[in-house]
Amino acid sequence: MSFFTKGRFTKCSSPIFSDHQSLLPLGNAFAKDEGNNLWQNKSILNKILLSVKATFLSFIILFQLVSDSQAYPIFAQQNYANPREANGRIVCANCHLAQKDVEIEVPQAVLPDTVFEAVIKIPYDKQVTQVLGNGKKGGLNVGAVVILPEGFSLAPADRISTELKNKVGNVYYQPYSAEKQNMLVVGPIPGKQYSEMVIPILSPDPSKAKNISYLKYPIYFGGNRGRGQVYPDGSKSNNTIYNSPVNGNVSQIQPLGKKGGFEVVIDKENGEQIVEKIPAGPDLIVKVGQSIQVDQPLTNNPNVGGFGQQETEIVLQSPARIQGLIVFFVLVVLTQLFLVFKKKQFEKVQLAEMNF
């Protein structure tokens, strides 16, 4: 849209400006000033439009990155009120079908109202790449769910020491929900930098929370690396194997278009045609004219990630118990010393009687 309009000068019959040539200097000056102002306005408008375009483009890129990374902890938070099912399985396993190892390290015991660290490890081969949402290859992300005992929570920033802050780094942990502050999620974040993470945890104080006792408590940890194979709605992602739904022969293999992928046409024995759409990512391992059976793989399995869960225990220890234990040990040591002294005294008495 242009903001420039054409001006038109007409001859004036006023005696003051009887000569129309006298209008030209004033008109030229006015047109020049107006042109400068309009040019400045247009320049400002262009800057505004560029800013709007840049912002819009940033939102598109951000949305695409989130879509490609498949933010798996978000899926769990949106679809499950509790990340741990009644059978003990963490819900991440519903979408991440492959099994991998994970590790968690916590202190054997902690005192009440104390900040301690839990170390979680999601090991994998850093050289491998995974299939992204657009079918291209990229690095693996990692994510985790940590289910702490009731009353335990993420340590507030003002309670975390400088040393512990350095260990935590730039990793951002958040509660699973507003009602479940003892359940923490993290990710997706780049696996190459964060296959091992430190979580600052604050233990509860039974003197302030009456529902908390000095007991041994379980801690559950689930961690995954890479994208899932199934979405929460049950549909497959492009990071899994695709199988034939029927018996028959492969009659056609057609590319799907710019986004990639294939359309495999399978002719059944009764002449019916079944079309199986395969997104970009998995590699086809069948060819036209090949006879296939039901559930026979049409593609390779591109998944290189997986999910694992681990369970450990922690004791919420009473300071009074520790103090009592120390006093008991001191009494035992003193008793032993007194027995030794008494024995030495008795031996001296016996020796004196024998000499007498």
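Placed from the backbone N, Cα and C atoms, the Cβ positions cover glycine too.
Among the features that TrEMBL reports, heme binding site is placed at Tyr72, Cys92, Cys95, His96. Per TrEMBL, domain 'Cytochrome f large' is recorded for 72-226. Annotation comment: TrEMBL describes 322-341 as transmembrane segment.
Under the three-state DSSP scheme, Cys92 (heme binding site) falls in the helix class. The binding-site residues under consideration are Cys92, Cys95. Their Cβ neighbour counts within 10 Å are lowest for Cys95. Within the model, the domain 'Cytochrome f large' (72-226) shows a mean pLDDT value of 93, rounded to a whole number.
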